[in-house]
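Chemist: Feature table excerpt (Swiss-Prot):
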TOPO_DOM  1-20  topological domain 'Cytoplasmic'
TOPO_DOM  42-392  topological domain 'Vacuolar'
BINDING   Asp187, Glu222, His320  Zn(2+) 2 binding site
ACT_SITE  Glu221  active site, proton acceptor
TOPO_DOM  414-447  topological domain 'Cytoplasmic'
TOPO_DOM  469-477  topological domain 'Vacuolar'
TOPO_DOM  499-509  topological domain 'Cytoplasmic'
TOPO_DOM  531-534  topological domain 'Vacuolar'
TOPO_DOM  556-665  topological domain 'Cytoplasmic'
REGION    595-620  region 'Disordered'
TOPO_DOM  687-702  topological domain 'Vacuolar'
TOPO_DOM  724-729  topological domain 'Cytoplasmic'
TOPO_DOM  751-986  topological domain 'Vacuolar'
Amino acid sequence: MATPRAQKFNPIAFTPGPVTLITTIVYLALLIPILVISLVVPPAPETSPEGVNLTEAWRDLQHLTGGFHPYNSRRNDDVHQWLLRRIDSILRPTVEAGERPSANNDIPDVFVFDDNQSNLTYSNGGVGKAAIVGVYFEGTNIIVYIRGTEDDPENWWERSNGKPKGKGGVLVNAHYDSVSTGYGATDNGMGVVSLLQLLKYFTTPGNKPRKGLVLLFNNGEEDYLNGAHVFSQHPLSNFTHTFLNLEGAGAGGRAALFRTTDTEVTRFYQNAKHPFGSVLAADGFKMGLLRSQTDYVVFNGILGLRGLDLAFIAPRSRYHTDQDDARHTSVDSLWHMLSAAIGTTEGLVSYTGTDFDGKSQGLDKVNSGTGTLGVWFDMFGSAFAVFRLHTLFALSVTLLIVAPLVIFITAIVLSKTDRMYLFSMSKSLGGTDERVSLRGLRGLFRTPIILAVATVIPIGLAYLLEKVNPYIVHSSQFSVWSMMISVWIFLAWFLACAADFFRPSALHRAYSYTWIFIATWVMLVINTVYANQKGIAAGYFVFFYFSGSFLATWVSYLELFALPRKGDFARQAIMHSGRPPSSLRSRLLTPSADELPSDTGPHAEYPGDADETDPTESTSLLRGQRTTFANYRTGGTDGVVEGTDEGPSFKHEQSWSWTLPRWTWVLQLLLLAPIVLILVGQLALFLTTSMSQVGSDGVSTFIVYLACAVFTTLLFAPLFPFIHRFTYHIPTFLFLVFVGTLIYNLVAFPFSPANRLKMFFIQEVNLDDGSNTVSLSGIQPYLTDAINSIPSAAGQNITCDQSAFGKLEKCSWAGLPPRVLGQDHDRDTGIVSSDWMSYNITKTVGENKARIEISGRNTRACKLKFDKPVADFQVSGSAVDHRMPHTSGQGVAEIRLWSRTWDRTWVVDICWHDSHDKPEDDDGDDEKQDAPRNGLSGKVICLWSDSNQSDVIPALDELRLYTPNWVAISKSADGLVEASHGITIQ
């Protein structure tokens with residue numbers, strides 16, 4: 001047997017070696033940076049930029065997070081005073097410089113408002129027909145106004161009903177209160193110290209703003225956005241037209257832009273040094289998938305401002321816990337937020353256009369104009385793309401029409417030139433009944449079947465994890481990703497190789513891209529409809545996905561022009577088969593003796609074959625002809641000529657395919673894979689990172705696993721057209737990875753000290769019977785494990801009920817008595833009602849009206865709860881605002897009372913309907929039916945939220961001391977301790 005002729009090595013040929021190497025390099029070169037961006041925060045500069053002092057900012061953060069400082073705590077007052085001192089220390093050099101004879105005109109006027117006057121009664125709104133919650137709040141906001149060069153030079157706010165002249169200013173907001181169980185480093189200490197540095201920056205000579213800048217240090221955000229609501233009563237709330245809200249919904253990492261009002265204001269975020277975020281999060285709020293709100297909804301929804309929400313989003317396991325402290329964050333995270341705030345704010349205050357000074361968006365809202373819906377996302381944390389949703393819609397509609405048309409026209413041209421091998425089973429010779437098999441249908445349905453299987457299996461694994469170990473993603477997100485990716489690639493490779501072994505096809509790539517083109521076309525249609533009808537922009541990546549798939553598919557069609565015409569191939573195949581066409585069978589196909597060379601033996605050398613190797617058993621018997629179409633045989637009686645597919649084509653693929661370009665696959669890979677990995681990869685990590693730990697809040701984790709499965713298919717579908725060319729090494733390794741990660745994900749404990757499970761604490765004291773109940777809410781069976789570790793719960797009857805929050809259960813037991821009344825009143829002699837609160841009820845004779853006076857000891861938060869909603873209420877001395885109605889037709893079931901002073905007495909006037917005037921829902925609620933027919937029953941409750949001193953809430957101290965190290969304790973409600981007294985009004 002002769003030795004085959006040596007072939008030159010082609011580093012980009014469509015053969016196993018180059019395909020495996022190049023695709024692996026491309027995917028790793030893009031996925032690794034995306035992972036790094038998701039996990040690593042850009043380093044802070046070694047030297048602070050001019051006008052900023054990072055060392056000072058970090059010291060401020062450490063001081064601010066030295067204790068819990070919720071609104072209802074003494075330390076909150078300390079933080080308030082400390083902020084005033086820090087603001088004064090920042091401004092003092094500026095004031096001294098301005099008083100000198102040679103004062104620099106670059107130093108702006110600065111006004112500080114310690115707002116201890118604003119208050120407001122409003123409601124949080126009801127859901128459906130449910131009764132609403134009324135709120136009375138007294139604010140302690142600190143407002144700093146830096147006058148801009150284009151601002152009204154007069155102090156217009158000092159005039160009665162004074163209004164500013166000129167263009168609107170810019171508001172930057174951060175709340176300085178924390179939750180009662182968290183130190184508030186990222187929620188929202190970093191926002192607060194960023195405000196202090198913004199004050200320092202814009203009062204530095206050379207940085208004077210063109211537009212006025214308002215820095216709002218608001219208090220009371222954690223208790224239903226109270227501070228932002230009461231800011232609406234300050235004159236400066238009518239001055240600002242745009243805003244930047246600094247928040248923390250996680251506890252470190254990068255600060256993400258996760259919500260904006262419009263395209264125009266979003267463009268200013270392009271000034272951020274390290275932009276990070278996607279419109280996906282904004283649409284999550286719009287569709288109701290994300291329900292946790294920030295001050296953004298007040299500034300935009302009520303005041304009509306246009307702006308941005310910038311917040312930390314991960315890790316959620318530290319959010320609202322004692323690990324939200326300076327120890328568990330970094331200067332790098334602080335700089336990431338601060339640099340973004342400086343860049344965005346500088347752009348907003350320097351803007352000279354009129355986009356934000358048009359007609360108001362609604363009644364009694366500021367004249368901030370109307371923006372357009374936008375699409376925005378970062379790329380590698382270094383660049384930021386932003387454009388109008390309408391632009392995306394127009395481009396999508398255009399591409400939906402043009403792309404199929406281009407493919408269709410190309411297919412027609414291929415057909416006209418007789419090179420359309422796709423969808424071709426055979427080729428007939430004109431004037432004969434002979435047909436040559438082209439095998440052009442091979443691989444037609446391979447792609448949808450294999451991709452369906454490769455997708456269904458990860459979805460099945462998502463169901464399996466949800467049933468067996470649903471919270472493993474809480475601590476092992478990347479183990480889940482590894483499992484999904486490895487099984488997808490292995491299955492796709494194995495099935496594609498099996499199909500290629502039994503039915504090899506040179507059209508595998510073309511068919512694969514055609515199916516991907518069809519699938520993404522359908523996806524783009526759906527996305528375009530949602531963008532047009534509902535303003536949803538989260539599917540922006542589909543446009544780019546479809547664009548890449550269109551170009552890659554077009555390349556597959558264009559490379560068919562390199563093939564021989566089907567008629568030429570068929571004629572040569574007929575001739576090489578040794579069987580003449582039926583119209584020529586009367587003629588001998590073999591040449592005459594004169595035409596034969598002298599040497600006609602088996603080793604004869606044909607003209608033009610001097611460079612060929614020695615003949616073998618498979619060498620063609622026809623001289624002077626290419627061996628491409630060798631060894632064809634007559635297919636029996638059906639008249640179809642078939643071949644053994646031997647020759648220059650790859651392995652046993654169709655013989656006509658040998659002229660296909662060997663390098664175009666690289667072009668196709670680069671047209672589709674990078675854009676998919678950059679956009680879809682970042683979205684996938686953004687989504688799973690922000691949602692991987694929502695299970696502790698009672699949310700089903702299946703949506704996270706399902707997202708991993710779907711995103712895996714989206715990420716690796718561009719690999720499928722080449723995957724049958726992979727060598728076995730990587731898929732085999734990935735199969736082992738799959739086995740290992742599957743076992744780990746099914747049996748590993750889902751929580752750890754670094755990724756703790758949050759449980760929610762509240763202690764309720766019934767002043768009527770003296771009972772004291774500690775409740776802990778969490779997910780089972782871990783909740784029971786935590787309670788079993790508590791000494792005071794040992795031997796008690798633990799009662800557990802379904803919580804109102806998703807999958808959480810609430811378990812209760814008799815707890816250690818709290819000592820929240822202050823040193824002069826705490827005692828161990830039992831619970832005495834008068835020590836905790838005092839109240840008085842005066843009913844108006846002959847009317848369904850009453851006045852309730854309530855005061856709590858050592859607290860500034862109480863509330864009233866009613867068994868049936870009251871029609872209206874009024875708090876003595878309170879302001880009201882028709883933009884925020886405090887009641888509605890469905891009534892008010894609860895009234896929350898907040899005071900800036902301690903031990904304050906609230907005076908609340910209420911009125912209610914008779915039972916026959918305002919029928920209750922027919923839900924059989926026994927508690928409601930127990931209320932007097934024309935009277936009212938309910939509870940007066942006071943709250944305590946300060947746990948900075950040990951032994952004040954021993955039950956909470958006990959939980960922190962004895963629960964496993966994988967448990968984090970967070971607050972369940974506004975108060976850590978709630979004491980209640982039943983009331984009845986006849």
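Numbers run from 1 along the shown chain.
Glycine is treated like the rest: Cβ placed from N, Cα and C.
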Chemist: If you count the other Cβ atoms within 10 Å of each Cβ, which of the recorded positions Glu221, Glu222 comes out on top?
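Modeler: For the recorded positions Glu221, Glu222, the Cβ with the most other Cβ atoms within 10 Å is Glu221.
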Chemist: Enter the number of other CB atoms within 10 angstroms of the CB of His320 (Zn(2+) 2 binding site).
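Modeler: I get 25 for this one.
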Chemist: For the topological domain 'Cytoplasmic' (1-20), what's the model's average pLDDT?
Modeler: 75
Chemist: To test your reading of the Zn(2+) 2 site: which residues beyond Asp187, Glu222, His320, same chain only, put their Cβ within 8 Å of the Cβ centroid of those residues?
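Modeler: Output for this site, in sequence order: Ser178, Val179, Gly182, Gly184, Asn188, Gly248, Tyr319, Asp324.
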Chemist: Fill in the CA-CA distance, the residue listed as 'active site, proton acceptor' to Asp187 (Zn(2+) 2 binding site), as an integer in Å.
Modeler: 10
Chemist: Please classify the secondary structure at Asp187 (Zn(2+) 2 binding site) using three-state DSSP.
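Modeler: In the DSSP reduction, Asp187 (Zn(2+) 2 binding site) maps to helix.
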Chemist: When you scan the chain for residues with a C-beta under 8 Å from the topological domain 'Vacuolar' (531-534), skipping those not six or more beyond its ends, what do you find?
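Modeler: Distant contacts of the topological domain 'Vacuolar' (531-534): 389, 392-393, 396.
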Chemist: I need to check the long-range neighbours of the topological domain 'Cytoplasmic' (724-729): which residues 6 or more away from its ends have a CB within less than 8 Å of a CB in the stretch?
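Modeler: Counting only partners 6 or more residues beyond its ends, the topological domain 'Cytoplasmic' (724-729) has Cβ contacts under 8 Å with 14-17, 19-20, 23, 493, 496-497, 499-500, 508.
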Chemist: May I ask for the residues of the chain that lie six or more residues beyond the topological domain 'Vacuolar' (687-702) and have a Cβ under 8 Å from a Cβ within it?
Modeler: 38, 250, 280-281, 313-317, 462-463, 465-466, 470-471, 473-474, 477, 481, 708, 711, 755, 757-759, 778-779, 803, 805-808
Chemist: How about long-range neighbours of the topological domain 'Cytoplasmic' (499-509): same chain, 6 or more residues beyond its ends, C-beta under 8 Å?
Modeler: 421-422, 439-440, 442-443, 446, 450, 556, 645, 649-654, 657, 660, 665, 668, 721-722, 724
Chemist: Counting across all protein chains present, how many other Cβ atoms fall within 10 Å of the Cβ of Asp187 (Zn(2+) 2 binding site)?
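Modeler: Its Cβ shell of radius 10 Å holds 26 other Cβ atoms.
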Chemist: Can you name the far-off residues of the same chain, 6+ from the ends of the topological domain 'Vacuolar' (469-477), with a Cβ under 8 Å from a Cβ of it?
Modeler: 317, 688-689, 692-693, 695-696, 700-702, 704-705, 708, 744-748, 750-752, 754-755, 757, 779
Chemist: Quick one: what's DSSP say for Glu222 (Zn(2+) 2 binding site), helix, strand or coil?
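Modeler: In the DSSP reduction, Glu222 (Zn(2+) 2 binding site) maps to coil.
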